[in-house]
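**Q** Structure below; questions to follow.
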Amino acid sequence: MQMGRVGEKLGIDFVISTGDNFYENGLKGVHDQAFEESFTDIYTAQSLQKPWYLVLGNHDYRGNALAQLSPVLRKIDSRFICMRSFIVNAEIVDFFFVDTTPFQKKYWTHPGKHQYDWRGVVPRGKYIANLLKDLDEAMEKSTAMWKIVVGHHTMRSVSDHGDTKELLKLLLPVLKENGVDFYINGHDHCLEHISSRDSPIQYFTSGGGSKAWRGVFQPNKDKLRFFYDGQGFMSLQLNQEQAQFTFYDVSGNSLYQWSSSKTGSSQPSTYLDDEE
């Protein structure tokens, strides 16, 4: 598997999943065979025997969402670390994982034939307000050189789902206020890099795990740097001064590389962009 090969080459520390961990409708329960069939038995490469940090996607909420959050799964496979919203502190970087599915109003008002597992989330307004307050406070306290937010839903996207207006309205101001560097998401089944035109934030979509080739392109107001309407994955290498993103196709070929350098510790940081 190409992810395993790239992971070995880079000597990765952990893996991030941007949600929709189990298709089509999440897990039925903690003993659902889909957990091992779609996770444990798939990611067998030695380099991928590292912690996996996962957020929930909308498809996960269509099943038993609490099952994915259960410690029972960690007993089956200790790599699987899935929570609603949480922080991973890796010294030079803080990763803020955000539960974005409850933000989307249509899942509440127009669920169609789908049922969403809102246990622990209702009432929506209070849940989102508390989430944003806790996130803002945690970001204010963060002293990490890099601040990265991970969520399932797109903030900016030129593909099928497009921008998520609820996130632009409610979540993005918190990110801008706290000098967040990157927002990484899934949801749209493609690979893309979009630069904000009114802040240093960079948006990266890595949602090419399955069901790609949508054939949809809808530009938005921000600057599109890269778009691949197909399957693949992304790597991120970070040190004190530089972040380097690479997108790969399913054969492990590098499709696009972008790096950002930070100089000095004052906000706003100076960004030196280097595209290949």
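The backbone N, Cα and C atoms fix where each Cβ goes, and this holds for glycine too.
What TrEMBL lists as Fe cation 2 binding site is ASP20, ASN58, HIS152, HIS187. Look at TrEMBL and you will find ASP20, TYR23, HIS189 tagged as Fe cation 1 binding site. Under the heading domain 'Calcineurin-like phosphoesterase', TrEMBL lists 8-190.
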**Q** Within a 10 Å radius around the Cβ, which one of these binding-site residues has the most neighbouring Cβ atoms: HIS152, HIS187, HIS189?
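**A** Ranked by Cβ atoms within 10 Å, first place goes to HIS152.
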**Q** Of all the binding-site residues given, TYR23, ASN58, which residue's CB has the most CB neighbours within 10 A?
**A** ASN58
**Q** Work through the binding-site residues one by one (ASN58, HIS152, HIS187) and name whichever has its CA nearest to the CA of TYR23 (Fe cation 1 binding site).
**A** ASN58
**Q** Where ASP20 (Fe cation 2 binding site) and HIS189 (Fe cation 1 binding site) are concerned, what is their Cα separation in Å, rounded?
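**A** Their Cα atoms are separated by 11 Å.
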**Q** To what whole number does the mean pLDDT across the domain 'Calcineurin-like phosphoesterase' (8-190) round?
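**A** The predicted confidence over the domain 'Calcineurin-like phosphoesterase' (8-190), as a mean pLDDT, is 98.
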**Q** Provide the number of Cβ atoms within 10 Å of the Cβ of ASP20 (Fe cation 2 binding site), excluding the reference atom itself.
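**A** Result for ASP20 (Fe cation 2 binding site): 26 other Cβ atoms within 10 Å.
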**Q** Cα of ASN58 (Fe cation 2 binding site) to Cα of HIS189 (Fe cation 1 binding site): how many Å, rounded?
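**A** Given the Cα positions, ASN58 (Fe cation 2 binding site) is 13 Å from HIS189 (Fe cation 1 binding site).
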**Q** Would you list the other residues of this chain near Fe cation 1 - those whose C-beta lies within 8 angstroms of the C-beta centroid of ASP20, TYR23, HIS189 - in sequence order?
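**A** So the extra residues in range turn out to be GLY57, HIS59, GLY186, GLY207, GLY209, SER210, LYS211.
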